[in-house]
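Below: the structure, in structure tokens.
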Amino acid sequence: MIIELAKNYGFCFGVKRAIKKAEQIKDAATIGPLIHNNEEISRLQKNFNVKTLENIQALSNEKKAIIRTHGITKQDLEELRKKDIEIFDATCPFVTKPQQICEQMSKEGYEVVIFGDENHPEVKGVKSYVSTKAYVVLDKKELQNIKLPNKIAVVSQTTKKPEHFMEIVNFLILKTKEVRVFNTICDATFKNQDAIKELSLKSDVMVVVGGKNSANTKQLFLIAKTNCEDSYLIETEEELKKEWFLDKKHCGISAGASTPDWIIQKVIAKIENFKIN
């Protein structure tokens, strides 16, 4: 059986930057998980004493706080700045961009449509920068019964599929006078999604490695599953089952943007140890 990695996969720029920052700072607390990968979060806690707190209210005697890659709300940031604590911002620059756009467009009188999951921490943070009105949607159908204003700005959660974003944009163009569209989908998302599509079309089994709470990993899995029925989403090599690979000729592997190479290599090694001819 051939084992092939996607052309683009794994750690993105923003995650690499955050991990490096956390390792250098040490002895700190992150507000929410730094990234969506439980194994890497455990490694940072064990080796660098970087612990995870659920929210700002959980801070007690910590001297250093790291803002997660997904960012935090504007209100939480203001609250954090009032505390006697050193702040290190690990928000991904691709996430900071829609925050800034929302703030500026609001000042100019635009209401904002955010294409994304309203429960995702990134989207909560982005929405908090809107001072007019924000509409968080996952489908154009959610906009059909809304009385839209004459001026709308549109941004996307960084990990969403571009074609779905364009469905929202095309709907709005037909419904309102002025639409300002900002492409806030991360470049790494484009590349990883294109790569897994290409690989899954020629594979008869696919393994996607990443946190099951990771939005970008779930998107990769959905693309793989569309093209390759026998696609599996795992967090570690412990979840692999030999029967997945029996009678298979081509195994494709990809990984989410928060998945470190050391986990991916363990997955490959275990699949190789199954010794599927």
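Even glycines carry a Cβ here, placed using N, Cα and C.
What Swiss-Prot records for this protein:
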BINDING   Cys12, Cys92, Cys186  [4Fe-4S] cluster binding site
BINDING   His36, His70, His120, Ser214, Asn216, Ser258  isopentenyl diphosphate binding site
BINDING   His36, His70, His120, Thr158, Ser214, Asn216, Ser258  (2E)-4-hydroxy-3-methylbut-2-enyl diphosphate binding site
BINDING   His36, His70, His120, Ser214, Asn216, Ser258  dimethylallyl diphosphate binding site
ACT_SITE  Glu122  active site, proton donor
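Known features from Swiss-Prot, placed on the structure.
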| residue | record | Cβ contacts under 8 Å, 6 or more apart |
| --- | --- | --- |
| Cys12 | [4Fe-4S] cluster binding site | Cys92, Cys186, Ala188, Asn192, Ala257 |
| His36 | isopentenyl diphosphate binding site | Gly210, Gly211, Asn213, Ser214, Ala215, Thr217, Gly256, Ser258 |
| His120 | isopentenyl diphosphate binding site | His70, Gln157, Ala215 |
| Glu122 | active site, proton donor | His70, Gly71, Val95, Gly116, Gln157, Thr158, Thr159, Ala215 |
| Asn216 | isopentenyl diphosphate binding site | Thr159, Thr189, Asn192, Gly210, Gly256, Ala257, Ser258 |
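With His36, His70, His120, Ser214, Asn216, Ser258 listed as the residues that bind isopentenyl diphosphate, the site has a largest C-alpha separation of 15 Å.
Within 10 Å of the C-beta of Thr158 ((2E)-4-hydroxy-3-methylbut-2-enyl diphosphate binding site) there are 27 other C-beta atoms, taking all protein chains into account. The most densely surrounded of the binding-site residues Ser214, Ser258 is Ser258 (count of other Cβ atoms within 10 A of its Cβ). Summary of the isopentenyl diphosphate site environment: with the site residues His36, His70, His120, Ser214, Asn216, Ser258 set aside, the chain residues having Cβ atoms within 8 Å of the Cβ mean position are Ile35, Thr69, Glu122, Thr159, Gly211, Asn213, Ala215, Thr217, Gly256, Ala257.
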